[in-house]
């Protein structure tokens, strides 16, 4: 691609109130370094768990770190799609997005090292067919498609896959599980801090995905059907991952119940439809400075905090 101009030099400069640059500024303001998290108490807490509890938690962590690594590798075509569309603000935000995914991979690996889990953990994903289909097939296929087809419809499919189903259902459910483990047992303070930091980053990621789908739906109502179809295709797969995880254990640790996590994941997925559909027929200029996508993620976080405070 030949460069003919620089958007940062345009009259009026950049629109710092636009959603992508608002998220970019937020990420800068909330920067954190994995090396600053204290994991010193987590090793003793980890060893105090039963073998069954450690096995469950290791499988949960394996899903997280493999997912963070996958997105670090797969997200680049979305940046190229933003460049092709001439959206510098989105491109700036996605550079931060990719950096944060790499940082999340780093911090989960640091935690595993700190608690002594240094063996090959790939086997913890072998018995999770829905997880492997989502991360080994659906995610890379939907994002790699943008390299040859950066169209709005392809962007909506990619965002629905990653931002709305993987982050917006599967990851949120996993964070909820970690919070339940740590808060109920009052253990693993390093993991608690790790999840808090990552969760804050990923609320911005999900908000960007919602914003992206909303602007495409506002521009062309046909993209609403694209979003709806992709979500309806992948939500059952996300819920199947919970089934797969629970089916591996005759005895379920931590007092967990499959129905609780299925309901949690389904609720987060279904509530995303309303936020996207509310953009139908809206002016694009309104969508660009509408912060409701971020407000939705903050609402989810506040709800979780109330539930966990009650159970503590």
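In case you wondered, yes, glycine gets a Cβ from its N, Cα and C as well.
Noted in Swiss-Prot for the protein shown:
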- 68, 101, 104: Mn(2+) binding site (BINDING)
- 101, 167, 202, 205: Fe cation binding site (BINDING)
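Cβ environment of residue 167 (Fe cation binding site): 202, 205, 206, 209 lie under 8 Å away, each six or more residues apart in the same chain.
In sequence order, 71, 97, 100, 104, 162, 163, 171, 201, 204, 206 are the same-chain residues whose CB sits within 8 A of the CB centroid of 101, 167, 202, 205, the residues recorded for Fe cation being left out. According to DSSP, residue 205 (Fe cation binding site) sits within a helical segment. Other than 68, 101, 104, the residues of this chain whose Cβ falls within 8 Å of the Cβ centroid of the Mn(2+) site are, in sequence order, 67, 69, 71, 72, 100, 102, 103, 105, 108, 198.
Contacts of residue 68 (Mn(2+) binding site) defined by a Cβ separation under 8 A and a same-chain sequence distance of 6+ are given as 101, 102, 104, 105, 108, in order along the sequence.
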